[in-house]
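Peer 1: Quick one: the structure is below, questions incoming.
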C-alpha cells in the first residue's frame, strides 16, 4: 500500500515537472517558440547547432556577410569586372601619362553680361581615353552604352572649368550623361553642361568694340605627368551650331588652343581653351545713344535764330537740352561696369554735352552784351536832346523795348532802309545830329557796338555746326 502511494506521488511530481517545463519554454524571456519543421526546411536541432556555433565564435548575434550592403552587380558590370579592379587609381598608374582626348560641341551661347563681365554657354563635353581594365570579350565587337550610374563606379577624368562662376549638368528628364565602352577598353564619356565663366572685357572702344572670351578646361588633380589632355581632332574638335546668335553681338570666330598652366604648389597642368570673338552690333546704340545726343546738340543751335531779347524762349531751350544730355549719359553708364578708363561712347556724349553747354553760355554772353548796350543807349538819350521835330513826350517811347505799333506813333516816321525798331533810336539821333562832328564820333562807336552784338549769334550759326561735323568725322574715322 505504501509502495502504491509512493508511485502515485512520483507520477504526480513528474506530471507537475513536465507542466512547469512546458510553461517555462513558452514564456521564458528571449526565447522563441519554433514551429515544427516544414518539409524541405532544416531540422530544428541543426539550426540550433548553427546558432550555437555563432556564439562559440564570440559574437552575440548572427554575423552578416561583409558586402551585404552592396548593391548587386548587373550582368554588364560583371562582364566589365568592376569588382576586380581598384578604379580609384587612374589607368596605368605608375607608368606614362594617360592620354585623354577632348572634343566639344557648342549648343548655344546664352548671354553676355558687360556688367558682370561673364558669359553663359551650353555645350556637349566629350572625353576619350583607354582603360584596359574595362575590356571585355565580344564576338561581334559591339560597344556597350551606359548611363550616369556606372560613372560613379569607374575612373573618369576630373575635368573642371577654370574661372567658372556657375556650372551644372542637365538632368531633364534624366542626367544628361553617357558612357560608352568598347571591347578593347576604349571609353567615351559625354555630358551636357551649362557653364557661366568670367571674360575679361576691354570697353575702351565701347560700343564699337570687339571682345575675345575663352572657356578653359583643365584637370583638377592630375598634372601633365599623370594625364595628357589634348584636343582629339585639333581645330576640328570644336563644333558649333550654325543657329547660334546674340542680340548685341556678331560671333565672328571659334577656335581652340592648348597651353600649360603652372601652380606653385602642385606643378604643371594641361589646359584647353575654347576661344571665340564677338563684335558688337552698333545699330542699337546708334538709335539709343548717338542719334538722341546728336539731336540734342542740333536742337541747342535753334536758339541762335531766336531773338536775343526772347529770354523765356532761349533759356528753357538751353536748360532742357542740358538736362536731356545728362539723362542720356546717366542711362548709358547705368548699363556698364564702373571702369576706371574712358570709353568711346563717353567721348562722344561728353563732347556733345560741351556743345550744348556752350550754346547756353553763348546766349548768356549775348544777353549780357545786349544789357550793356541798352544801358549805353539810355545814357546816350539822356545826353542828346531830340530835335527831330517830334513832340518831346514821344521821346520817352524810344526805348529798346518798344514795339512796332509804338514806332508807328512817331508821326509816321520809318527809316529809309526798313530797319527794325530796335535801331530807331540811333537813326533818329543820327538824323538830328548829322552835321555835328561830335555826334559822328558817337555814331561810329554805337554802330560798332551793335554790329558786334549781332555777330555773336551770326557767327555761332556757322561755327557750332561746322565744329560738330568736324568732330564727328574725326570720331568715326578713329573708332569705326
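Glycine residues also receive a Cβ, built from the backbone N, Cα and C atoms like all the rest.
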Peer 1: Looking at Swiss-Prot, which of 275, 333 is flagged as N-linked glycosylation site?
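Peer 2: My reading of Swiss-Prot gives 275.
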Peer 1: For the 4-aminobutanoate site that Swiss-Prot assigns to 190, 218, which of 126, 133, 279, 280 is also named?
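Peer 2: The candidate from 126, 133, 279, 280 that Swiss-Prot ties to 4-aminobutanoate along with 190, 218 is 126.
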Peer 1: So, in Swiss-Prot, are residue 340 and residue 383 both on one side of the membrane?
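Peer 2: Topology check (Swiss-Prot): residue 340 vs residue 383, domain names differ.
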Peer 1: Labelled transmembrane segment by Swiss-Prot, one stretch among 156-176, 219-239, 240-260, 282-302. Can you tell me which?
Peer 2: 282-302
Peer 1: Look up region 'Disordered' in Swiss-Prot and report which of 29-67, 68-106 it refers to.
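Peer 2: Spelled out, Swiss-Prot records region 'Disordered' over residues 29-67, not the other listed ranges.
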Peer 1: Which one of these stretches, 438-458, 459-479, shows up in Swiss-Prot as transmembrane segment?
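Peer 2: Comparing 438-458, 459-479 with Swiss-Prot, transmembrane segment matches 459-479.
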Peer 1: Using DSSP, break the topological domain 'Cytoplasmic' (303-314) down into helix, strand and coil residues and give each count.
Peer 2: 7 helix, 0 strand, 5 coil
Peer 1: Among all protein chains shown, how many Cβ atoms are found within 10 Å of the Cβ of residue 275 (N-linked glycosylation site), not counting that one?
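Peer 2: Its Cβ shell of radius 10 Å holds 15 other Cβ atoms.
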Peer 1: Validating a neighbour-count step here. Other CB atoms within 10 A of the CB of residue 126 (4-aminobutanoate binding site): how many?
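Peer 2: The Cβ of residue 126 (4-aminobutanoate binding site) has 18 Cβ neighbours within 10 Å.
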Peer 1: Enumerate same-chain residues with a sequence separation of six or more from residue 199 (disulfide bond) and a Cβ-Cβ distance below 8 A; give 'none' if the list is empty.
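Peer 2: For residue 199 (disulfide bond), the qualifying residues are 112, 117, 118, 119, 211, 213, 214.
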Peer 1: Measuring Cα to Cα, how many Å separate residue 141 (N-linked glycosylation site) from residue 235 (N-linked glycosylation site)?
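Peer 2: That separation, Cα to Cα, works out to 30 Å.
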Peer 1: With 4-aminobutanoate as the bound species and 126, 190, 218 as its recorded binding residues, calculate the greatest Cα-Cα distance and give it in Å as a whole number.
Peer 2: 16
